[in-house]
Amino acid sequence: MNNRSRLHRFALLTKRYKVVLALLFLLPWLLFSDTIHSYFSQDDFFHLRVVMDKNYQDIPSFFFSLQKEYAFYRPLSRETFNLLMYRSFGLNPLPFHLVNLLLVMIGGWLVFLVAQKLTKSSLTSLLAVVLYLFNSIHSIELYYLASVQTLLALLFLLLSLLFYLSSDDSLKKYLLSLSFFVLGLLSHEISIVMIGIIFCLEVTINNLRVWDKRLVKRLLPFAVIGLFYLASTSLFNRLPDQPVYQPVLSVKSMINTLSWYTLWVAGMPEFVVDFIGPKLTVNPNLMKWYGNFFRIALPTFLVGGLAITYFLVIFKNQLLKSNIFWFVALSYFISLLPFIFFPQHKSSYYLTLASVWFSILLALPLSWALEKQKVMKVFSLLAIIAFIVISYQTINLNKITYWAAKRASAAHVLLADVKEKYPSVDKGAVFYIKNDSNYPFIAKEWGSSSKQAFYILSGSDAFKLLFGDPTIQVYFEEMHPFPPSINKGKVIIYTAKFPY
């Protein structure tokens with residue numbers, strides 16, 4: 001098929017479904033509208049503080065040396081992006097949220113193109129977009145602004161895959177695929193899994209043997225770039241020392257972690273993991289505090305799960321014989337492989353790439369069912385509606401439970417109050433953040449209001465950004481003993497009080 005006929009086919013496809021696609025891209029703006037009004041919190045302040053005294057001419061240095069504050073190499077999506085955004089918008093969070101939301105929308109369009117390229121089915125592709133765009137994971141990506149790192153990596157990886165899928169007879173497209181792979185590596189280390197995804201693509205869909213010279217020839221440049229990336233960034237040697245970052249090489253632990261990631265991408269709220277103990281014992285506070293949610297979510301989840309199970313049984317032979325199914329299933333697993341070794345550091349933040357494969361994987365049997373008799377269509381629609389209902393419920397619940405959403409609200413209140421009371425301060429000013437005597441006891445690990453302020457504001461980072469002074473010092477009553485060398489008469493004492 002020549003380029004002109006491909007463009008003609010693409011134009012017909014988009015014209016046929018333009019109303020549906022327009023609705024699909026409009027509805028997420030409505031679903032996630034609350035997230036774009038959220039403020040900065042925690043890691044956001046840290047990332048911006050790192051670049052607050054940098055200039056545009058510093059951008060090349062980001063790519064040739066790892067900033068001392070960081071353990072991982074992400075110069076494009078972190079240092080460069082934050083510098084450009086901070087220089088352009090300062091501490092206005094709205095543009096940051098809009099960029100993340102735009103990346104989610106673009107990701108949805110690329111999911112459509114990838115699914116269309118793989119399945120050659122417009123119905124499967126549309127269903128994949130529905131499942132992807134309505135996934136509650138996106139509320140996490142929009143509240144947690146640092147998700148721009150994984151969202152940009154996803155953008156580049158999907159572009160790399162699209163060009164790779166069309167590169168059999170085009171060196172130009174192959175080189176473009178390699179280039180986008182490199183951009184992905186410069187955005188987030190998860191991009192390294194692209195090598196495994198391409199390997200699975202060649203073995204499953206293109207039916208190449210592992211020892212086939214064509215496979216080696218096509219995969220080798222990606223592998224060389226990946227090995228150079230791993231060696232030059234010392235990725236495995238730079239893991240933080242904290243216990244949560246230490247890998248656990250246990251099959252039982254890996255299966256447990258993979259199961260939680262699958263539940264989250266299917267719509268279950270992230271916080272549920274905190275209420276499930278050994279041997280699946282459930283903390284009674286789960287229903288006490290979130291009973292209204294689970295009275296709707298659990299039956300809906302059960303209906304959706306039964307419908308999917310029914311389709312897996314009905315289409316078992318068709319799925320097992322489908323090279324596309326095996327490719328997508330393996331890609332889902334490979335996308336989560338780097339994270340299942342860290343059970344104490346699992347987070348729905350890491351589902352950005354996996355959510356693509358989950359959406360296509362689910363869309364396959366659902367689209368087949370929609371093309372069958374009436375009963376199958378009803379079950380398929382029930383499964384789709386169940387997924388959307390659960391996702392919608394979780395999106396609303398994330399507003400009040402997800403840590404980035406809660407801490408952003410608190411950060412906004414704290415900094416607005418500080419700025420109102422102290423419109424300007426001397427260069428190198430010293431703040432001492434005291435505990436609020438009326439702050440309720442929640443748990444020993446939770447601590448007092450000053451401890452929470454320490455995490456919410458990323459230590460002194462938020463104050464440095466607020467006053468544009470990297471020399472400001474901030475001490476928190478529960479976290480730091482007050483240095484005797486500092487003149488207490490010049491210290492600004494502030495009591496941390498929260499809106500909740």
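Any Cβ shown, glycine's included, is placed from N, Cα and C.
TrEMBL entries are annotated by machine, without manual review.
Since this is a predicted model, take the numbers as computed values, not measurements.
Per TrEMBL, the feature transmembrane segment maps to 94-115, 146-165, 174-199, 219-237, 296-315, 324-342, 348-366, 378-395.
Of the candidate ranges 146-165, 174-199, 296-315, 348-366, 296-315 contributes the most Cβ pairs within a distance under 8 Å of the transmembrane segment (378-395). Within the chain carrying the transmembrane segment (146-165), a Cβ under 8 angstroms from the stretch's Cβ atoms is held by residues 43-44, 47, 74, 76-78, 81, 96, 99-100, 103-104, 106-107, 110-111, 113-114, 117-118, 140, 173-174, 176-181, 183-184, 187-188, 190-191, 194, 197-198, 201, 349-350, 352-353, 356, all 6 or more beyond its ends. Pairs of Cβ atoms less than 8 Å apart link the transmembrane segment (348-366) most often to 324-342, out of 94-115, 296-315, 324-342. Same-chain residues lying 6 or more positions outside the transmembrane segment (324-342) and placing a CB less than 8 Å from one of its CB atoms are 118-119, 189-190, 192-193, 196-197, 200-201, 204-205, 244-249, 254, 257-258, 261, 350-351, 353-354, 356-358, 360-361, 364. Proximity of distant same-chain residues to the transmembrane segment (296-315), defined by a Cβ-Cβ separation under 8 Å and at least 6 residues beyond the stretch ends, is recorded for 266-268, 362, 365-366, 368-369, 376, 379-380, 382-383, 386-387, 389-390, 393-394.
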